[in-house]
Amino acid sequence: MALEPDAFERLWTPHRMAYIRGEGKPSGSGEDEACPFCRIPGQSDEDGLVVARGEHVYAVLNLYPYNAGHLLVVPYRHIADYTELLEGAETAEFSAFTKRCMTTVRAVSAAHGFNVGMNQGSVAGAGIAAHLHQHVVPRWGGDTNFMPVVARTRVLPQLLADTRALLAEAWGA
Ligand SMILES: [Zn+2]
């Protein structure tokens, strides 16, 4: 009897990983222009879909969201593994931004729940394994059935722009 994967498993299916089919997927190792998470901070908030910038990390909308308001918390440094975050300010801000993503999304959308986490390594489903990023995915009751469909659909750029502006405003409130 085949086991039906639950919603959580479908959520983290590697082939739907952020940016995996997008431009700028890194081909090599090391910090370079090909890494989208290294490139985004050099763009405007609007172009990069950046919601908030901290001293060590930033929050950005996922270009290929699993759900509306799907955010990523990303360190500026090109590090792959969670354990490489420096003790102190960098780790603290990474955690603080994760919490702030949740409170901000809740403030604007009344999300019922969240999936929060990191895929560590390609084998675990990381589309951009070379650069650490934490997913913050809001969930609503009943969204399970259409999520796999949504996840394969690129959201209209204007919708992402509107979502970014909404979250950026709420972030500072
Ligand atoms: Zn990078």
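Including glycine, each Cβ sits where the backbone N, Cα and C put it.
Annotated by TrEMBL as motif 'Histidine triad motif', the relevant range among 21-25, 26-30, 41-45, 131-135 is 131-135. There are 22 other Cβ atoms within 10 Å of the Cβ belonging to H133 (active site, tele-AMP-histidine intermediate).
Summarised as a single figure, the pLDDT of the domain 'HIT' (36-146) averages 92. Residue counts for the domain 'HIT' (36-146) under DSSP, helix first, then strand, then coil, are 38 helix, 25 strand, 48 coil. Separating the Cα atoms of N62 (substrate binding site) and H133 (active site, tele-AMP-histidine intermediate) is a whole-number distance of 11 Å.
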